[in-house]
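Following this message is one structure expressed as structure tokens.
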Amino acid sequence: MKMSTRVLLVFVVSVISSSCIGVLGGNLFDDLHCTWGNGRSKILNNGQLLNVMLDKVSGSGFESNDKYLFARIDMQIKLVAGNSAGTVTAFFLSSQGKGHDEIDFEFLGNVSGQPYTVHTNVFCDGEGKREQQFHLWFDPTADFHKYSILWSPHHIVWLVDETPIREYKNMESKGIPFPKDQAMKLYSSLWNADDWATRGGLIKTDWSKAPFKASFKEFRAEKYKCDWSRGYASCSPPSKSIFSFWTSPDVLFKSLTNGAMGKLNWVKNNYMIYNYCKDWKRFPNGLPKECQYSN
């Protein structure tokens, strides 16, 4: 999977072509700004809606105004409808630089009537290769759905409409890297990746269907409260109301409840289509170390 191509696209193209069309004063303007696409990113409805578009000339994208070091990020997204083969709608946290950390949601388009592929990944100090992929149990193009990344000192959780689909635990005590030292911004983009996105690149983008559009609304970011003099382990979430899938409010929100674990296993059993921890062909010399403890 060519994740480095997308990262380079976001960080380099944003410098070359930054523009955002809209009327100042809406809440999305308070938190986000368009970074590239020469006007293909548009904030509308007094800041209540953000569209990104892709045509044969260019894609487009936006990023958060703020950086986060442990947070929960929520956004309502409606994905490209119809024949979206070859397109990727990305929604991810990332730091900058060669040894960057990153937490990915990427939505890989497909031909009409086929399911989207939800691609997740974690980069630690520039190293990824921790992909899990899923199909969804609904049509993500028919309406908006909430996609969330929760990044705490203890684990990372990906959620769809409050259903956890993946958990990546902090296992540094076992010598496994975990992103915890680099603040990240939120980035999002719609771009062409028909060299790999749909059936490994076998199905190309149908430009007669362009322009392609994905829509975003209701951005929310909840930062953890951290006493950095005591280290990152002192961090606690800012609000209990958004952690309904956690244990009792007296703990530091380190674990999923039994009910949430049941939902996570339901997703794995019914909708997971790729797990790097099962890919012996890709790792002939042995699976990554974390696969011994979590799959």
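Every residue, even glycine, has its Cβ placed from backbone N, Cα and C.
In TrEMBL, annotation is done automatically, which means it is predicted and not curated.
As listed in TrEMBL for this protein:
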type: SIGNAL; residues: 1-25; note: signal peptide
type: DOMAIN; residues: 16-216; note: domain 'GH16'
type: ACT_SITE; residues: GLU102; note: active site, nucleophile
type: ACT_SITE; residues: GLU106; note: active site, nucleophile
type: CARBOHYD; residues: ASN110; note: N-linked glycosylation site
What is the average pLDDT across the domain 'GH16' (16-216)?
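Residues in the domain 'GH16' (16-216) carry a mean pLDDT of 93 in this prediction.
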Distance between ASN110 (N-linked glycosylation site) and GLU102 (active site, nucleophile) at the Cα atoms, whole Å?
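With the alpha carbons as reference points, the distance is 25 Å.
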Just how many other Cβ atoms lie inside 10 Å of the Cβ on ASN110 (N-linked glycosylation site)?
21
Around the C-beta of GLU102 (active site, nucleophile), how many further C-beta atoms are within 10 angstroms, looking at every protein chain?
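Its Cβ shell of radius 10 Å holds 21 other Cβ atoms.
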Counting across all protein chains present, how many other Cβ atoms fall within 10 Å of the Cβ of GLU106 (active site, nucleophile)?
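I get 22 for this one.
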